[in-house]
Amino acid sequence: MVKSHIGSWILVLFVAMWSDVGLCKKRPKPGGGWNTGGSRYPGQGSPGGNRYPPQGGGSWGQPHGGGWGQPHGGSWGQPHGGGWGQPHGGGWGQPHGGGGWGQGGTHGQWNKPSKPKTNMKHVAGAAAAGAVVGGLGGYMLGSAMNRPLIHFGNDYEDRYYRENMHRYPNQVYYRPVDQYSNQNNFVRDCVNITVKEHTVTTTTKGENFTETDIKMMERVVEQMCITQYQTESQAYYQRGASVVLFSSPPVVLLISFLIFLIVG
């Protein structure tokens, strides 16, 4: 008997709890429905809970409430409200609002100044070094270098060089190192094309070079061509080593396994 009573009370308690949960789910939220005491929109002033923007407390179409098209409210098209297109509100396109489109607010406006565009001349100038020079048969122009300090064996030439070194080139023309069998061929070709181009360009501007200038220019350009060859050779061998490393079977298998783990 005791067990049967206990079971009955447990059943009754379970049914009561289930019914209470069902009622809680069906119970309407306060002030959330249409035409109820609450409002569906935040920031409305009336307790009537209409469906339109912030109003002053009257019903629809009244002169002093907050209804549609009224002179004293917060609705659409009013002169003293917060509706759309008004002169003294916070709506769209107003001169005295806060946050609307094109207003005097500080955030979210569409009339911000556009960002300055990148000057393409600066981009082209930055990409000039190391690029293939048109009209020179595949020669490239190296980066600017400091002109080396060279001693020519006598005071006159040393002084002449120091006084005129600014007239000599600080960049050299060259072809890729893989087109030459050794450093001497690279340097000889580099010196010839660089001195020729610099002489022609400078002569066109009305400045002539003497035999002493040509002699010193060849010595200066030779040193710069040697430096250019060493730089290009090191970069070439590094690229070749990278290709060999990533083409080896163990590395290929490792990369394939990592890709399989990421994709899978």
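Cβ atoms are placed via backbone N, Cα and C, with glycine included.
Swiss-Prot lists a disulfide bond between Cys190 and one candidate from Cys24, Cys225; that candidate is Cys225. Packing around Cys190 (disulfide bond) is summarised by its Cβ count: 24 other Cβ atoms lie within 10 angstroms of its Cβ, all protein chains included. Cys225 (disulfide bond) counts 24 other C-beta atoms within 10 Å of its own C-beta, drawing on all protein chains shown.
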